[in-house]
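> Please find one structure pasted underneath; my questions will follow.
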């Protein structure tokens, strides 16, 4: 797939900016806080309807403007598609494909696929379990767009069940309350779908990431990725997962009512990353943690390509400066011209002449993009 054009209106610090991509690799050069990352974020939103910055929709819209708009033209093996995403301060979104508004956002997902790699991704190793859950969910949305709807359903039931548990805190109702049993059943049904899909996705991703990690580390370190769901998972069969889920809910009913929150379910899952059988967050240097994240990102690229049968876009947000020369070379050698790549950087000295000669170079200053070097 190839992103041909991108048009941003009132998005972040872009007032009205069109970009045409003319090479497999585009390098966006500029000082910090000029808008380089914002452009990559716009592409990420088209791919996943999510931002790794965890921003609210009102953060995307320029002050005193009612909406922000992202338009793009994408070329795939199946033909050319025009994508449109309108963001509003109140969080209501409109998506359109080839000029036709789509009733379900799920139908917009999967048209454009992209893997984002930024310095924030080191949090995958050293951050909280929520960071790893969000990463896995974002990958799953691209592998299986219906997952976005499943996850939304689960989160909605979870919010409603938590609200009901808070009511029970100050009432005389017991754990045998019939309304709670209804919420339990809904949580189990939707949560089981989340658990099974996360388990399947990691089962496919883990061997790819392990192989990349072995290659990058020179076979000196062994990476293991384990999905440890909050609900005990013996076999990935829906009936067994549902039974285990319901049993754990019933066991934790008293502490749940006491605390007014749901203590069982995939919102408490963990993805364990270990190097040489030691938790990665405790293991070694930042360089070793970067190797792990690089292996995860290369595995994402490979898995998405296997599933969708086309190479996804790669969005590299100021990460080359964070990698040592050997890891840089591993990444750049993998990319070549196989993946359309958008790269942000503050200077061009990280790139060798061959890369620069085969790349489109754009300069970014205060939300304006040009082919001149005025921002140097």
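The backbone N, Cα and C atoms fix where each Cβ goes, glycine too.
If you look up Swiss-Prot, you'll see 30, 31, 32, 33, 34, 35, 36, 37 marked as ATP binding site.
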> Where does residue 36 (ATP binding site) sit in the DSSP three-state scheme?
helix
> Should residue 30 (ATP binding site) be counted as helix, strand, or coil on the basis of DSSP?
coil
> Taking the mean position of the Cβ atoms of 30, 31, 32, 33, 34, 35, 36, 37 as the ATP site, which residues outside that list, in the same chain, have a Cβ no more than 8 Å away, listed in sequence order?
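Apart from 30, 31, 32, 33, 34, 35, 36, 37, the close residues are 344, 346, 364, 365.
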> For the binding-site residues listed here (31, 32, 34, 37), which one has the lowest count of neighbouring CB atoms within 10 Å of its own CB?
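32, out of the binding-site residues 31, 32, 34, 37, has the fewest neighbouring Cβ atoms within 10 Å.
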